[in-house]
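Undergrad: There's a structure below that I have some questions on.
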Amino acid sequence: VLSAADKNNVKGAWEKVGTHAGEYGAEALERMFLSFPTTKTYFPHFDLTHGSAQVKAHGQKVGAALTKAVGHLDDLPNALSDLSDLHAHKLRVDPVNFKLLSHCLLVTLSRHLPEQEFTPAVHASLDKFFSNVSTVLTSKYR
């Protein structure tokens, strides 16, 4: 559960992400594909080379979903219900992959947000947020 301080930290960090959400989403995906090559199996039809249009487009989707989630911190299950259905029933993504992407998102944000703004407290709040999003996205697997 996100505390009031966590919610403020997440919203504050995401304000700084702003229009870069899709770009950072794509960078995190590339990082995930390089660091955890088994994740590529869910994208057999994608060109996974650096800067590919398909990875950029999917990064935009990731960024948009996270932006939506930030706007609905008190109701993530309803806000992400459609994505939960998609990933559980149609795409059948192994739940561990959400943890891998979450890690790559944290690394990406740590690279782009200024050090004085990506504090340990903000890092912890974003980690909790990504964990909550992952939990919601895997909730319909059960």
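Just so it is clear, glycine is given a Cβ too, placed from its N, Cα and C backbone atoms.
I grabbed these lines from Swiss-Prot:
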- H58: O2 binding site (BINDING)
- H87: heme b binding site (BINDING)
- 1-142: domain 'Globin' (DOMAIN)
- S3: phosphoserine (MOD_RES)
- K7: N6-succinyllysine (MOD_RES)
- K16: N6-succinyllysine (MOD_RES)
- K16: N6-acetyllysine (MOD_RES)
- Y24: phosphotyrosine (MOD_RES)
- S35: phosphoserine (MOD_RES)
- K40: N6-succinyllysine (MOD_RES)
- S102: phosphoserine (MOD_RES)
- T108: phosphothreonine (MOD_RES)
- T135: phosphothreonine (MOD_RES)
- T138: phosphothreonine (MOD_RES)
- S139: phosphoserine (MOD_RES)
Undergrad: So of all those recorded positions, S3, K7, K40, H58, S102, which one's Cα sits nearest to S139 (phosphoserine)?
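TA: The smallest Cα gap between S139 (phosphoserine) and any of the recorded positions is with S102.
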Undergrad: Show me the subset of Y24, S35, H58, H87, T138 whose Cα is within 10 Å of T108 (phosphothreonine); these are the recorded positions I mean.
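TA: Near T108 (phosphothreonine) by Cα: Y24.
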Undergrad: Have a look around S3 (phosphoserine) and count the other CB atoms within 10 A of its CB, chains all included.
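TA: Its Cβ has 10 other Cβ atoms within 10 Å.
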Undergrad: How many helix, strand and coil residues does the domain 'Globin' (1-142) contain under DSSP?
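TA: Output for the domain 'Globin' (1-142) reads 109 helix, 0 strand, 33 coil.
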Undergrad: How many Å lie between the Cα of S102 (phosphoserine) and the Cα of T135 (phosphothreonine)?
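TA: On Cα coordinates alone, these residues lie 11 Å apart.
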Undergrad: Would you mind sorting out which of S3, K7, Y24, S35, K40 (the modified residues) have a C-alpha within 10 A of the one on T138 (phosphothreonine)?
TA: none
Undergrad: Considering Cα atoms only, can you say which of K7, Y24, H58, H87 is the nearest neighbour of K40 (N6-succinyllysine) among these recorded positions?
TA: H58
